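Undergrad: These came from TrEMBL, pasted as-is:
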DOMAIN    A:9-278  domain 'Thiolase N-terminal'
ACT_SITE  A:C92  active site, acyl-thioester intermediate
DOMAIN    A:287-427  domain 'Thiolase C-terminal'
ACT_SITE  A:H385  active site, proton acceptor
ACT_SITE  A:C415  active site, proton acceptor
Amino acid sequence: MAETPRDAVIIGGNRIPFARAHGAYAKASNQAMLTSALNGLVARYGLQGEQLGAVSGGAVLKHSKNFNLVRESALGTPLDPRTPAYDVQMACATGTEAIGSLANKIKLGQIDSAIGGGVDSISDAPIVVSDELRAILMEATRAKSAGQRLKALAKIRPGHLAPQAPGTGEPRTGLSMGEHMAITADKWGISRQEQDELAVASHKNLAAAYESGFFDDLVSPFKGLNADNNLRADSSMEKLTKLSPVFGKDLGENATMTAANSTPLTDGASAVLLGSEEWADAHDLPKLANFVDYEQGAVDFVDGAEGLLMAPTYAAARMLKRNGLTFEDFEYFEIHEAFASTVLAQMKAWESADFCRDVLGLDQPLGSIDRSKLNVHGSSLAAGHPFAATGGRIVATLAKLLHGKPGKLGFISVCAAGGQGITAIIEGR
Amino acid sequence: MSDPIRIPLPKLKHLYQKAVLSAARAKLSPGGSLKALPERPVLAEHPGLTEDQAEQYRRLVAGESFDGSHRRSLPSVMLHIAGFPVQMALMSRDDFPLPLMGMVHLSNEVNHHQSVHAGTPLQILARAENFASHRRGTQVDIVLEFYPKGLDVKTAGPQDQLYTSRSRYLGLGTYLYSKTEAATQVRQEFTPPSKTGVWTLGADAGRQYAAVSGDYNPIHLSTLTGKALGQKGAIVHGMYLAARMLEGREPESAGHSWKISFDAPVGLPGKVAFSAQQVNEKSQRFVGWNPRTVRRHFTGELTLP
């Protein structure tokens, strides 16, 4: 693997249970949720009064009043207020990017400790006014006399007053993420059955993990929730096959994506504690795993040259090459289930000799991923996907899975809006 | 070239008023006849499009901003907007044989020879040619040629042209030629390709393009006026579709050419499924259709220099 000056150690994680949008957290703000996730982490690892190297994270749907969301959230915790904190944003890869770049700072010796994470709320999403109304209000603000101000305000028409909620549509194509994915799924021939099977497995795995107590030290209750409320332990193929497609309906018979094999809109927050080996030892903290490396990817999706959510496919090829690894070297795979078909399409691409040779420029395909190693404790289809909070959920889950398995590797793939994505490598200790 | 008739840059509002009046007059005394075809082009000076107009246009199509250094070249459809009043002046002249109201835009072919910036004064020449029989009336090509200010247009050659376009229109229901000459067109079967985008157009999409372009043709403005002109309601401007099709794809240094052919009009409000396909390194093909009825709205092509 690539040589680095020192290891970045994943010490632990904490998240609040993820809640379906407009449900349990309907009245919780991004700042309230992130503060709670940070507070849980601080309490679990005794960080009261500690000055950390940095706290980094973000939210995808963020109000402009939250210009310093992470700093404001950190100030609401018992952490030493001299701990710097800053926002990052890379759509659904926000949390993973925050954690990855903090790990790099630790490896370089710039900082010794850090918290990375993210939060998102659909229920408390910022509603904005129309561009026309905003332009008029700004003009009125710039007016130098009452007359000028009135003249500007007189331009307001009833149509300008309609509020605009943020959508999940890609600005450059007008297609929702689900519609984009439906096109990619069709291109790769991903069947309805495969997707439903993956969704059922996700629910069964997450339910089993809760049952076994795996999440006891990874999740803290919030607003009366103790576990992710999207989880359906009784999910079954029988139930899922009854659902009608919700995306790609213009594909007719080939429409395969339903509400069950697509991730629901979710509220939630997560945080992960990182440190150098020395810092962890000095504070007598556990060392679950090393954050070894990560890679960003982006694809040309606007005119359909590549699928919107396929960037991790490319990032993985570069990251594995740099580290001299193949899929056979990994013990566990965490592929974010934006949609069941996202996971399946990425895996088909890595299996495809043509794609790996012609598009990724590899001598041979990256190969297939053993399903028994994939999302073994469930993923976003069951847990839900509060965009920026997903990275923290995945990193903490995988680090705990690899703890006690020194040298064993875990692989992460997270796709993101805008045709981007991140892959990462974690090594157990 | 026959001597162009020099005109001041017309106000579109007045031309539409005249068109509505003459449409009303035609209703009183129906039965068009083939008058002498307009032989002389019209020529008008244009002070240049403004930066404000460019910004309004950018907002309309949610496009990249004109920062004045990396993006200065005005999009083709903005030049069409500059030339539109001149074209309208030609088509509202008494010697123009087709009524302006109810004219249907069939296609557009553009050669965007050189880049044109905001504030660049222009000379715009418009002429009509290729009057021909169509199964639903009479078609005509309106040719626009853009030259720099100060150039003698009569002696100008193709190297002097900044931008040329050929817009084909159909004068619906006006038969200047006998109906039997027109071959019946067979509607082609359309199987949509995989879409790469969807445009969601609000009920006000026509009014928004009108506000930016000055093209207040009532067929685009409201359900009522659209119905009065034979549509099911308001329909979007063809050039709005061209603008969306081209946005972000035109080269800053120009030298490109493109075309668009219109099929079924896009009713408002509505959605247009869109597909852009790379043909080769220099050319892209486009198609837009109704995602519900799968009727084709337009096909287009862009060729880079």
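Cβ atoms are placed via backbone N, Cα and C, with glycine included.
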Undergrad: Sort out the sequence-distant neighbours of A:C92 (active site, acyl-thioester intermediate) for me: same chain, 6+ apart, CB within less than 8 Å of its CB, listed by position.
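TA: Once residues fewer than 6 apart are set aside, A:C92 (active site, acyl-thioester intermediate) is near A:V60, A:H336, A:A338, A:H385, A:F387, A:A388, A:T390, A:V414, A:C415, A:A416, A:A417.
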Undergrad: With DSSP, how much of the domain 'Thiolase C-terminal' (A:287-427) is helix, how much strand and how much coil, in residues?
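TA: For the domain 'Thiolase C-terminal' (A:287-427), the helix, strand and coil counts are 58 helix, 35 strand, 48 coil.
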Undergrad: Taking the Cβ of each of the active-site residues and counting other Cβ atoms inside 10 Å, which one has the highest number: A:H385, A:C415?
TA: A:C415
Undergrad: Please report the DSSP secondary structure of A:C92 (active site, acyl-thioester intermediate), reduced to three states.
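TA: The residue in question, A:C92 (active site, acyl-thioester intermediate), is strand (DSSP, three-state).
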Undergrad: Average the pLDDT scores across the domain 'Thiolase C-terminal' (A:287-427) and report the rounded value.
TA: 97
